[in-house]
Amino acid sequence: MALSAAIVLAAGEGTRMRSNKPKVLHTFAGKTFLNRVMDSVAALNPDTLAVVVHFQAERVAEAARSYDEQVTIVNQDDIPGTGRAVQCAMAQLTESGKIDGPVLIAASDMPLLDSETLHRLVEFHTASGNGATVLTTILDDPTGYGRIIRDREGNVLRIVEQKDANRSELAVQEVNTSVYVFEASVLAEAIAGLKSNNAQGEFYLTDALETAKSAGKVGAFAAPDPLTVEGVNDRVQLAALSKTYNRRVCERWMRNGVTILDPETTWIEDDVRIGRDATILPGSFLQGHTVIGEDAVVGPYTTLIDATVDEGAVVERSRVQESHIGARTNIGPWTYLRVGNEFGEDAKAGAFVEMKKTHIGNGTKVPHLSYVGDARLGDHTNIGGGTITANYDGVHKNRTVIGDGCHVGAGNLFVAPVEVGDNVTTGAGSVVRHAVPDDTMVYSENTQHNVEGWKPAWER
């Protein structure tokens with residue numbers, strides 16, 4: 001199946017989103033609308049992939065290039081409409097070389113448009129010998145969509161936009177999805193004669209189908225799953241589609257052996273991976289490339305972003321980002337793990353602990369009320385409550401190293417850079433500024449002063 005070109009339409013503002021950014025840069029299940037559609041289109045390996053931009057053109061172009069450096073960016077001029085967008089794209093593509101064969105055109109506001117549906121559309125188009133083929137679907141409520149008007153034999157006559165449709169046309173439930181395949185020669189002829197004779201004063205790409213009938217057969221292929229071609233025009237639709245899709249994602253994981261107690265409050269993005277017999281408790285958000293091992297327990301009320309949680313680990317009421325939680329390690333409740341933490345096995349970070357860029361050894365515990373940053377903690381070390389690694393000197397982040405088998409007292413302060421050996425014990429309230437050798441007890445002498453008869457200022 002050779003695809004000469006694919007054109008992604010991303011020029012619109014999306015005014016109903018009421019947003020300061022283009023609609024195509026809003027996210028759905030962890031990816032922008034634009035990137036999701038580009039994913040699906042690119043899977044068909046078109047000879048050329050083009051993205052048409054206009055509103056906040058540079059911003060959208062940058063997002064497209066970050067996905068594919070080789071993408072062709074087409075700037076639509078101030079003449080409105082999808083038909084004009086395709087005119088601009090074809091003019092630029094034909095300048096670069098001959099376009100000969102099927103051309104796929106897709107809107108970029110359908111976040112669930114999948115490569116399988118597109119593949120079947122192109123196959124149907126080619127097998128039917130069509131000059132043009134439109135991807136359609138049947139909706140119980142077709143409000144807002146262009147209607148597919150057929151003749152008595154079922155051939156596609158035209159597509160009528162909602163604002164231009166009469167009463168009988170509005171009753172039609174088969175709708176246009178804004179995805180098409182044209183033969184390049186048919187498309188070139190069809191878009192050449194487009195006019196703006198409509199309520200919006202735009203160049204509609206849908207009008208090209210009527211012209212295409214004179215140059216070749218026009219057909220329609222119905223998407224097997226209406227959800228894959230459902231568009232998003234406002235935030236209400238975005239929320240509804242997100243909820244429906246997330247329910248499907250949760251059901252898929254449950255059928256694969258994962259316990260999800262409340263799918264309504266559990267959100268799982270596409271690139272997440274979960275092992276068998278893991279349990280996801282209510283209020284959990286699993287994002288990015290998070291990986292959860294077998295028998296792990298996540299939640300309730302936990303956010304994992306690009307995190308790895310090994311088998312048997314527990315992460316409760318916590319936020320974890322780009323960190324690795326070792327097997328049978330316990331995190332939480334109310335733990336904040338910033339980027340770059342690496343936990344060994346059977347370790348612990350407890351209540352109101354914050355960590356970043358720290359290695360935590362096997363069996364090591366930081367139970368509560370501590371900040372540990374830019375540090376390395378050895379195996380089987382216990383960190384007392386209220387311990388702080390003072391890692392920032394105002395210019396640089398400095399490293400703290402605490403060895404194996406250490407017992408750190410409550411309320412300790414480690415002034416980095418500092419290194420503490422193995423089997424060291426520190427007294428409560430110690431301030432450790434200098435290196436401590438192995439097998440040492442260290443404490444700070446802080447003299448206590450009692451001022452008798454003291455009264456606070458407001459009582460004097």
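In case you wondered, yes, glycine gets a Cβ from its N, Cα and C as well.
Summarising the annotation, Swiss-Prot assigns region 'Pyrophosphorylase' to 1-235.
Counting Cβ atoms from all protein chains shown, TYR371 (UDP-N-acetyl-alpha-D-glucosamine binding site) has 18 others lying within 10 Å of its own Cβ. Taken from Swiss-Prot, the feature UDP-N-acetyl-alpha-D-glucosamine binding site covers 9-12, LYS23, GLN76, 81-82, GLY146, GLU161, ASN176, ASN233, ARG338, LYS356, TYR371, ASN382.
Per Swiss-Prot, the feature Mg(2+) binding site maps to ASP109, ASN233; the stated evidence is sequence analysis. Less than 8 angstroms from the CB of ASN233 (Mg(2+) binding site) sit GLY14, ARG16, MET17, ASP109, GLY144, each of them six or more residues away in the same chain.
Annotation source Swiss-Prot lists region 'Linker' at 236-256, citing sequence analysis. For the region 'Linker' (236-256), the model's pLDDT averages out at 97.
What Swiss-Prot lists as region 'N-acetyltransferase' is 257-460, and the listing cites sequence analysis.
Annotation source Swiss-Prot lists active site, proton acceptor at HIS368, citing sequence analysis. Counting Cβ atoms from all protein chains shown, HIS368 (active site, proton acceptor) has 19 others lying within 10 Å of its own Cβ.
Among the features that Swiss-Prot reports, acetyl-CoA binding site is placed at ASN391, TYR392, ALA428, with the record citing sequence analysis. Listed in sequence order, the residues of the same chain lying 6 or more apart from ALA428 (acetyl-CoA binding site) and placing their CB within less than 8 Å of its CB are GLY384, GLY409, ALA410, GLY411, ASN412, TYR443. Classification of ALA428 (acetyl-CoA binding site) by DSSP places it in coil, neither helical nor stranded.
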**Request:** Sort the residues of the region 'Linker' (236-256) into helix, strand and coil with DSSP and give the three counts.
**Result:** 20 helix, 0 strand, 1 coil
**Complete:** Long-range Cβ list for ARG338 (UDP-N-acetyl-alpha-D-glucosamine binding site), cut-off under 8 Å, min separation 6+ in sequence, same chain only, gives GLN321, SER323, GLU354, MET355, LYS356, LYS357, GLY373
**Message:** Give me the count of other Cβ atoms within 10 A of the Cβ belonging to GLY81 (UDP-N-acetyl-alpha-D-glucosamine binding site).
**Reply:** 22
**Item:** Proximal but sequence-remote residues of the same chain as ASN391 (acetyl-CoA binding site) (Cβ under 8 Å, at least 6 apart)
**Value:** GLY373, ASP374, ALA375, LYS397, ASN398, ARG399, THR400, ALA416
**Request:** Using a Cβ cut-off of under 8 Å, list the residues of the same chain at least 6 residues beyond the region 'Linker' (236-256) that approach it.
**Result:** 17, 26, 28-29, 111-112, 227, 230, 263-264, 266-268, 270, 274, 276, 280
**Complete:** One finds that other Cβ atoms within 10 Å of the Cβ of LYS23 (UDP-N-acetyl-alpha-D-glucosamine binding site) number exactly 25
